[in-house]
Amino acid sequence: MSSNVSECHLYEEMEPFTYFYYLIFLMGIIGSCFALWAFTQKDQKQKCMSIYLINLLTADFLLTLTLPVKIIVDLGIASWNLRIFHCQVTACFIYLNMYLSIIFLGFVSMDRCLQLMHSSKIYRIQEPGFAKTLCAVVWAMVLLITVPNMAIPIKHIEERPGVGCIDFKTKFGRDWHVFTNFICTAIFLNSSAVILISN
């Protein structure tokens with residue numbers, strides 16, 4: 001009984017944040033849509049910086065779409081099935097798009113650095129065709145790493161409070177999760193190094 005009372009109290013304390021989260025969601029949707037529209041409406045020859053930014057905006061837009069489910073789950077008002085869906089799909093999409101954003105920010109920083117430091121020379125990474133291929137490879141690579149987290153069967157556990165996403169995972173699912181975290185941490189560190197060196 002006391003655990004139920006403490007849970008209700010926790011959710012009541014979180015309620016004011018709901019409006020803040022939804023404000024972020026609405027601003028994110030409107031901002032991402034406007035930015036994507038602005039970048040795709042340009043008549044000028046597409047530069048690789050625009051290609052990287054469009055991919056970055058696409059990743060941010062997809063991340064924004066996952067916010068309502070995350071908000072409902074974090075507030076503790078989600079149904080059991082929605083919590084399972086969040087653990088198997090939404091949470092994976094959040095990480096997928098977060099790491100994609102980090103990678104594309106690294107590309108933007110590197111491209112900007114090359115433009116400023118070596119303006120007379122064009123490197124392969126600055127060619128629009130190469131930039132498109134590179135972005136496609138990055139999407140495919142990150143999807144290949146992340147999608148198995150969604151596809152690996154989960155354990156069926158009884159509905160109870162305090163269940164985390166890791167509790168749904170089988171042994172293989174946990175091992176894949178650790179592998180994914182290792183790869184994504186390496187991606188984060190390398191992209192961060194590129195951003196720091198470029199700036």
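Note that Cβ sites are derived from N, Cα and C of the backbone, with glycine treated the same way.
Because TrEMBL annotations are produced automatically, they should be read as predictions rather than curated entries.
As recorded in TrEMBL:
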TRANSMEM  20-39  transmembrane segment
DOMAIN    31-199  domain 'G-protein coupled receptors family 1 profile'
TRANSMEM  51-73  transmembrane segment
TRANSMEM  85-108  transmembrane segment
TRANSMEM  129-152  transmembrane segment
TRANSMEM  178-197  transmembrane segment
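Beyond the transmembrane segment (20-39), the same-chain residues lying 6 or more positions past its ends with a Cβ under 8 Å from any Cβ of the stretch are 50, 53-54, 57-58, 60-61, 63-65, 67-68, 71.
Tertiary neighbourhood of the transmembrane segment (129-152): same-chain residues 48, 51-52, 55, 88-89, 92, 95-96, 99-100, 103-104, 107, 169-170, 172-173, 176-177, 180, 183-184, 187, selected by CB-CB distance under 8 Å and a gap of 6+ residues from either end. Sequence-distant contacts of the transmembrane segment (85-108) (same chain, six or more residues past either end, CB-CB distance under 8 Å): 49, 52-53, 55-56, 59-60, 62-63, 66, 69-70, 73, 78, 125, 131, 134-135, 138-139, 142-143, 146-147, 149-150, 154, 165, 168, 180, 184, 187-188, 190-192, 194-195, 198.
A mean pLDDT of 83 is what the model gives for the domain 'G-protein coupled receptors family 1 profile' (31-199).
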